[in-house]
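Here's what TrEMBL has on this protein:
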| type | residues | note |
| --- | --- | --- |
| BINDING | Asp25, Glu216 | Mg(2+) binding site |
| ACT_SITE | Asp25 | active site |
| BINDING | 26-30, Arg38, His42, 70-72, Trp74, Arg76, Arg197, 203-205 | substrate binding site |
| ACT_SITE | Asn73 | active site, proton acceptor |
Amino acid sequence: MFSFKKKEKLNAPLNVPKHIAVIMDGNGRWAKKRMQPRVFGHKAGMETLQRVTIAAKEMGVQVLTVYAFSTENWSRPEKEVSFIMNLPVEFYDRYVPELHKNKVKIQMIGDTAKLPKATFEALEKAESLTKLNTGLILNFALNYGGRYEINQAVKLIAQDVLDAKLSPGDITEEVIGNYLYTSNLPKMLRDPDLVIRTSGELRLSNFLPWQSAYSELYFTDILWPDFDEKALKAAIAEYSRRNRRFGGV
Ligand code: FPP
């Protein structure tokens, strides 16, 4: 039997992270287990993303940043790359209407100008359709690399110093944040409270290295296409049990 105190803790309201970042890993292995080509896993992964976004919104999450394509992913076979690049086009037609109904606001981060035209345009259409929405922000990281992001920020800061728009003494952490891709998010929501990685890999793989300095990390063996509302709740429940001190006591 539980003691009253323990019972009370189990029923305690969840401390829902405001910003969750997800490394959606394991699509290829999920497909392989079903004797299917890897792209079958990416397609299933896109469906999972839709369900998880709605579930996150219903739980009160405010920002969901998802690692959809890294700057390193270009080295995959050309067919797989072009399949992934076509997903936003399909996503716009099949899934964005429901997200829009749910007041989800779609945004993107990364070196998105280098994406194929159709990919970029599908995301831009989604951004513009949903830009006035006030619900959860679904933030796609596409052609994203964390070190590249910091490198670009340093170049922009150096240029602003040269142009006398900024003096070196004024470069604070907050100022640096304004030069990162995540400056597309409201100030208080730029850093993920929780980073989830699926498929059992225990790395951050160049995902939001600056922004995740104080994030709680959560790793699960579940392959991304199998990740569901129950798995999201388990991650949030684990987050709730942790005590974030930000270096204090
Ligand atoms: C990593 O799994 C997954 C990706 C590189 C692609 C993720 C993309 C989606 C889930 C779809 C996103 C939706 C849109 C609209 C862009 P992996 O292929 O590395 O899996 P493996 O480690 O098992 O090989």
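From the backbone N, Cα and C atoms, a Cβ is placed for every residue, glycine too.
Distribution of TrEMBL features across the structure.
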{"residue": "Asp25", "record": "Mg(2+) binding site", "DSSP (3 states)": "coil"}
{"residue": "His42", "record": "substrate binding site", "DSSP (3 states)": "helix"}
{"residue": "Thr71", "record": "substrate binding site", "DSSP (3 states)": "coil"}
{"residue": "Arg197", "record": "substrate binding site", "DSSP (3 states)": "strand"}
{"residue": "Leu204", "record": "substrate binding site", "DSSP (3 states)": "coil"}
{"residue": "Glu216", "record": "Mg(2+) binding site", "DSSP (3 states)": "strand"}
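Taking a Cβ cut-off of under 6 Å from any atom of ligand 1, the binding-site residues Asp25, Gly26, His42, Arg197, Glu216 reduce to Asp25, Gly26, His42. Considering other CB atoms within 10 Å as the measure, the emptiest surroundings among the binding-site residues Trp30, Trp74 are those of Trp74.
Counting only the Cα atoms, the space from Asp25 (Mg(2+) binding site) to Leu204 (substrate binding site) is about 11 angstrom. Taking the C-alpha positions, the distance from His42 (substrate binding site) to Asn73 (active site, proton acceptor) comes to 13 Å. Candidate binding-site residues: Asp25, Glu216. Fewest other C-beta atoms within 10 angstroms, Glu216.
The Cβ neighbour count for Asn73 (active site, proton acceptor), using a 10 Å radius over every protein chain in view, is 17. Around the Cβ of Leu204 (substrate binding site), 17 further Cβ atoms fall within 10 Å across all displayed protein chains. Every protein chain considered, the tally of other Cβ atoms within 10 Å of the Cβ of His42 (substrate binding site) stands at 22. Take the CB of Gly26 (substrate binding site) and look out to 10 A: across all protein chains shown you find 24 other CB atoms. With the fewest other Cβ atoms inside 10 Å of its Cβ, the least crowded of the binding-site residues Gly28, Thr71, Arg197 in this structure is Thr71. DSSP assigns Trp30 (substrate binding site) to a helical segment in the three-state reduction.
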